[in-house]
Amino acid sequence: MQYKKEALLLMLFAVLLALTQRFSYSRTKDHLQKMYACWKDHLEEPHLSTWFDPKKRPDVIATTGWLAPVLWEGTYNREVLEQYYKRLNITIGLAVFATGNFSKEPLRRFIKSADKYFMVGYNVIFYILADSTYNLPYFELGPLRTLKTWRLFEEEMCQDCNLRNMNNMHSKIIQCIQYEVNFLFMMAVNQTFKNNFGVETLGKSVAQLHAWWYFKKPRDFPYERRTKSAAFIPFEKGDFYYHRAIVGGTPLNVLNLIEQYIKGITDDNTNKLVSTFESHLNKYFFINKPARVLSPEYNWDPRFKTPPEIKHIKIAWKP
């Protein structure tokens, strides 16, 4: 009799364990299936030369020293990439921080324009990280668009908003985002989409050129020049000056960037140095070269006189 009870308990435990594993790992399983589909088709990914031609824009820098494309209007054929990515049924995440006054009209304008122009025809998840999720505007989204809101958790003794935001983003990527999307962008809320922002921008790591500093000489870039700072770049070094407005890539690459930023800013705080997110961003891309570089057309400040190199503004920046 005792043996039968023990056998029944053992069977019950096995069933419960199987059910727990089934539901606990269902999200991971779905994500792995997506990754497998991408991996299976990886050999068919269009070669850069089939969709990108830097010779069509001899008036600008269209290829980096490490042979990554710098995307300008006229250099890329989006249709070639569409044929590839449509087969994979990918999902792209777009994360934005809505704090203080930016949680109302600027956020509404950003999401409304992103809904119209960001990755049209693809599954998109908008992630809003806000001080409070109760007073956010109402958003009416188009097909294939979903929205998630999270409240930013506070940190004791943390007076740096960027550090708080990145710590929150770090947690969300680990807990959730990495299982939901194939590519992830983090964008500043104070900008408005003006034209299609498409799959030509997708890559393992994506950096945005700063509209103002693109037309300046490298020796004038506002890199961190203090040797004791983790963001230090010597005067004779550097490639471009990147803007904090847009950062992207695979979730794990974005996660790595965030981790390096948190480490760098923490080290600087220990050394009693005040440094900016953008200085650490530039140090990161100085060491870890981006796979895609977005030209100033993808983030242009309309206050500037528009030079002839800027043919088609994708996003307007509003400081």
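A Cβ is built for glycine as well, from the same backbone N, Cα and C atoms used for every other residue.
Per Swiss-Prot, the features are:
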type	residues	note
TOPO_DOM	1-6	topological domain 'Cytoplasmic'
TRANSMEM	7-26	transmembrane segment
TOPO_DOM	27-319	topological domain 'Lumenal'
CARBOHYD	Asn89	N-linked glycosylation site
BINDING	Phe97, Ala98, Thr99, Gly100, Asn101, Phe102, Ala188, Val189, Asn190, His210, Ala211, Trp212, Trp213	substrate binding site
CARBOHYD	Asn101	N-linked glycosylation site
ACT_SITE	Glu278	active site, nucleophile
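Positions of the features from Swiss-Prot, shown on the structure.
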residue: Asn89; record: N-linked glycosylation site; DSSP class: coil
residue: Phe97; record: substrate binding site; DSSP class: strand
residue: Ala188; record: substrate binding site; DSSP class: coil
residue: Ala211; record: substrate binding site; DSSP class: coil
residue: Glu278; record: active site, nucleophile; DSSP class: helix
Between Ala211 (substrate binding site) and the residue listed as 'active site, nucleophile', the C-alpha gap once rounded to whole angstrom: 14
Alpha-carbon distance [Asn89 (N-linked glycosylation site); Ala188 (substrate binding site)] in Å: 26
Let me know the most crowded of the recorded positions, choosing from Asn89, Asn101, Asn190 and counting other Cβ atoms within 10 Å. Asn190
Among the binding-site residues Phe97, Trp213, point out the residue whose Cβ has the most other Cβ atoms within 10 Å, with all shown protein chains included in the count. Phe97
Which site among Ala188, Ala211 has the most other CB atoms no more than 10 Å from its CB, taking these as binding-site residues? Ala211
Site extent for substrate, whole Å (max Cα pair distance, Phe97, Ala98, Thr99, Gly100, Asn101, Phe102, Ala188, Val189, Asn190, His210, Ala211, Trp212, Trp213): 28
When the number of other CB atoms within 10 A of each residue's CB is tallied over all shown chains, which of the recorded positions Thr99, Glu278 has the maximum? Glu278
Average the per-residue pLDDT over the topological domain 'Lumenal' (27-319) and send me the rounded value. 91
At the Cα level, what's the spacing in Å between Asn89 (N-linked glycosylation site) and Asn101 (substrate binding site), rounded? 36
